[in-house]
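Feature list (source: TrEMBL):
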- A:21-47: transmembrane segment (TRANSMEM)
- A:59-78: transmembrane segment (TRANSMEM)
- A:85-105: transmembrane segment (TRANSMEM)
- A:117-138: transmembrane segment (TRANSMEM)
- A:150-167: transmembrane segment (TRANSMEM)
- A:173-191: transmembrane segment (TRANSMEM)
- A:198-216: transmembrane segment (TRANSMEM)
- A:285-305: transmembrane segment (TRANSMEM)
- A:317-344: transmembrane segment (TRANSMEM)
- A:350-373: transmembrane segment (TRANSMEM)
Amino acid sequence: MSEREFLRPRWRRGDMTIAEKLWQISWSYVLIIAVIAGIGVIMLYSAGNGSFDPWASRHAIRFAVGLGVMLTVALIDIRLILRYAYLLYAATLVLLVGVELMGHVGMGAQRWIDLGFFHLQPSEVMKIVLVLALARFFHGTDIEQVGRPTVLLVPLLMVAAPAVLVLRQPDLGTALMMVMGAGVIFFLAGVRLWKFGVVLAAALAALPLAWSLLLHDYQKNRVRTFLDPERDPLGAGYHIIQSKIALGSGGIWGKGFLAGTQSHLEFLPERQTDFIFTMLAEERGMIGGLVLLALYALVMVYGYLFALRSQHQFGRLVVLGVSTTFFLYVFINVAMVMGLIPVVGVPLPLISYGGTVMLSLMVGFGLILSVWVHRDVEMGRHG
Amino acid sequence: MDRTSDRGRLLTRRAALLGAGQLGLFGLLVGRMYYLQVVEAERYRVLAEENRINIRLLPPPRGPIVDRNGIKLAINRQNFRVLVVREDIVDLEATLGKLARIVPLSDYDRQRVLREVGRRRSFVPVPVRENLTWEEMARIQVNAHDLPGVLIDEGQTRHYEHGPAMAHLMGYVAAVSEEDLAAARGADPLLELPGFKIGKAGVEREFDLALRGKSGSKRVEVNARGREIRELEREEGEPGGQLALTLDINLQQFAADRLGQESASCVVMDIHSGEVLAMTSTPAFDPNAFTRGLSSQEWKALLDNPRAPLTPKAIAGQYAPGSTFKMVVALAALEAGVIKPEQTVWCPGHMTLGNARFHCWKRQGHGHVSLVQALAQSCDVYFYEVAKRTGIERIADMARRFGLGSAPDIVLRGVRGGLIPTKAWKQATLGEGWHQGETLIAGIGQGYVLATPLQLALMTARLANGGRRVDPVLTRQVMVDGHLAPRPVATPESLGVSRHSLNLVRQGMHEVVHGRRGTARGAALPEELGEMCGKTGTAQVRRITRAEREAGVTRNEDLPWERRDHALFVCYAPADKPRYAVAVVVEHGGGGSAVAAPIARDVMIETLRLDSAAPRRPEGDLKA
């Protein structure tokens, strides 16, 4: 009888000491995340033209803080998280409304709340909190209930409310990410595929309407420019053309650390945030890009393993939901800088400079770890 | 529990699908990376290099212009200017306002700066004002903390020493215009450089290519906004060549000062080489003002001045030559054999042709005059008679041989050719037949006959050098393929006029100055400089009616300025061994002997004085 077998009954009750929980944390997972963040620090050092100032050092500090937050969250009992999921959701929704109201006063497209030491972007927090709320909802429904369209109305509203608010900010990228992340949870929860078909068809039908009513001119331009970047090589298409030149000229092995001409001579826009992958690929070549993608894939793989070992639906949905959000960040950002999809303001997780994303991602990883630590906990419908 | 595990199995299945989907999307990213970074890598490498590397032009210094003794006439002068850099300024208008309180700024300057700033990239400094004084510079420096984005730098501007004296010949440089760009058709990239200036008039314009030099270039690494990061490679250009004029600036300045505020011009020419030692036209303007940029008031003042400061009168002013034309008439008659030198003509003060009466300037007449006497006393009746016998065609032919009637071949624009009338010319332009009376009038250099001061000097030079076809020359070099080369030595051919005839005319010109009854007796040179030959001319610009003539011709001094006669004088010296010819025309100056001759004498004195003072330059020393 192994130690684990011996402990299991007590663990099922959720009765674990802090030391036991710490022991249960997947430290290899933490290590991978730290390695990725380390790459982030190195790239931001290069983005600062060989200086820790202004980005690399602050990124490192934020990651260290985030690491603490992540481990703290990992220790929180998963049932507690289940219990407060709706409350967190409601609170974040209030913040989103608050930003919406302040936005009219502020710079027109304000997305953050000034906390003094920190600019909090409620939309980033919502990406994670929405996963929690939906996971709690589907945790409490069985397959038959999921089959009933009226039951799905509630989670649909839970997605639609923040998505519309975010779209009005206007932040198309985040809104789409929320919808896609939520869609994955619906899918995992067992919603029939034809229903996705119906929603998709309805969305396509509504597209012309959305184009004229919801999208701002600059968003329309981004889509048009995506379809034909050379349309306006000095205007909207400039970023993506320069990004492709930077990537392509990096070749297989790259131009060397701090030697990316496109990045350092400022042909590349936003090299410390949205276009940092381009800079990595310019200086470190395709090899560098592949290594980073492999690390991201590894994070995903861990997620699947954690999810499948979880004894409760809530945990499974939380892990896969957060992992999928993480995946969407990576995919949208990398596809965007390579000109596969239109330019949307989505950062590269753990690498791009930015506080809220880092914090919400670390909270997300903390939740994943919490599910892993509490994988054997028995959970009722309401925790 | 069953239901829960059903749910679990479904989730596992769907998670596998999701994983496969995500893997597929990652595969898509990897494929795209492969396409961009391996398949298309070469193309993007080239594009990245094109982004990064820029070729910048290095403007060469403009070549100096010197006089015949190497004295600098046009130089590049260091110039402190104040510039603004858009990207370092929050409110450009406010900054210009502050600047205007420190150094005077015109509205025009402000508008220009705002316009230029809009056109150029934000880091390109735009000049606000040039030629700052030390004091202005110091005031800007003191206020520097209050003026971010305002900087002072040192540039080069063209400066003309002896500005107004040289104005018409030198021309000036100014910014490249759209027309210049179009005319160059992209041949020289220098023209597109902001702030580059090219010759717009005078020799600055005619020799612009040689003075401009060849641009160098440097390859620099630039950032996305075009700011220079470092220099990779440099290729030096070729500075503009030094252009040597034939002018003697001391003489030029002397002549300009001597003419003073008269509307006048003066040409001094070496009779053997045709080199122009001085060629002035007054009043003039300061070419430095053109380089700096004229205000509209200054420009309007120049345009409205009745004495036409913008016109180079020496080459473009066309005047009836008056009596200075009589040498040509005399030569035409002698060569045609229609007169004998000792033959006299009776001058009663007028001559009648048909029912018209032609007056001599001397109302009571000269009595019997021979050729030499007629020249010395400038008897009009004698020349009416001679012209009548010679005929307009032979006079015109002789005039042409002496450089009249066609524009002298000199490297400037706006050189006029004057006018020598013939029967054919009158028929063609006025559609009328020729009257013999017009021949008489032409015989005293009036009527249709016109000549420029340069032509008069040229005519005198050809008379003095024994009838050889010298051409006026302004520069010691010529331009070959955009480079300066020494001027090839020309051997002037003969005009085919007999020495005997020439000597008679020259004897007449000698009598003008030294004869007992010469019209320019006061113009004799100081004894040590030798003797001078000359001819006065007084060109009437109005018609004298019979009534006025009977009442007594109004004296010039009593007429308004613009109706007074032009005063002319041509001369050469020394009489026994001629070297220099001088022509002076004073518009509405009155009488040639009273006004033009003293000026010409003074200029000639200065010419001879400078000639003996300066060491003779060996011929081989002409290279730039």
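Here the Cβ of each residue, glycine as well, is placed from N, Cα and C on the backbone.
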Positions whose Cβ lies under 8 angstroms from the transmembrane segment (A:350-373), at least six residues beyond its ends
16, 21, 24-26, 29-30, 33, 36-37, 39-40, 43-44, 47, 55, 58-59, 62-63, 65-67, 69-78, 81, 112, 118-121, 124-125, 127-128, 131-132, 272-274, 276-277, 280, 292, 303, 306-307, 309-310, 315-316, 318-319, 322-323, 325-326, 329, 333
Please check if the transmembrane segment (A:21-47) comes into contact with the transmembrane segment (A:285-305), where contact means 3 or more CB pairs closer than 8 Å and the residues in each pair are separated by 6 or more positions.
yes
Other than its close neighbours in sequence, what residues sit by the transmembrane segment (A:198-216), given a CB gap under 8 Å and a spacing of at least six beyond its ends?
167, 170, 172, 223
Can you see whether the transmembrane segment (A:85-105) and the transmembrane segment (A:285-305) are touching - at least 3 CB pairs under 8 angstroms, only pairs 6 or more apart in sequence?
no
For the transmembrane segment (A:117-138), I need the partner stretch with the highest count of C-beta pairs below 8 angstroms, choosing only from A:59-78, A:150-167, A:173-191, A:317-344.
A:173-191
In terms of Cβ proximity under 8 Å, which residues at least six beyond the ends of the transmembrane segment (A:150-167) contact it?
89, 92-93, 96-97, 100, 123, 126, 130, 133-134, 137-138, 141, 174-175, 178-179, 182, 186, 191, 195, 214
Below 8 angstroms Cβ to Cβ, which residues of this chain, lying six or more residues outside the transmembrane segment (A:173-191), approach it?
123-124, 126-127, 130-131, 134-135, 138, 141, 143, 146-147, 152, 155, 158-159, 162-164, 166-167, 313, 316-317, 320-321, 324-325, 328-329, 332, 344-346
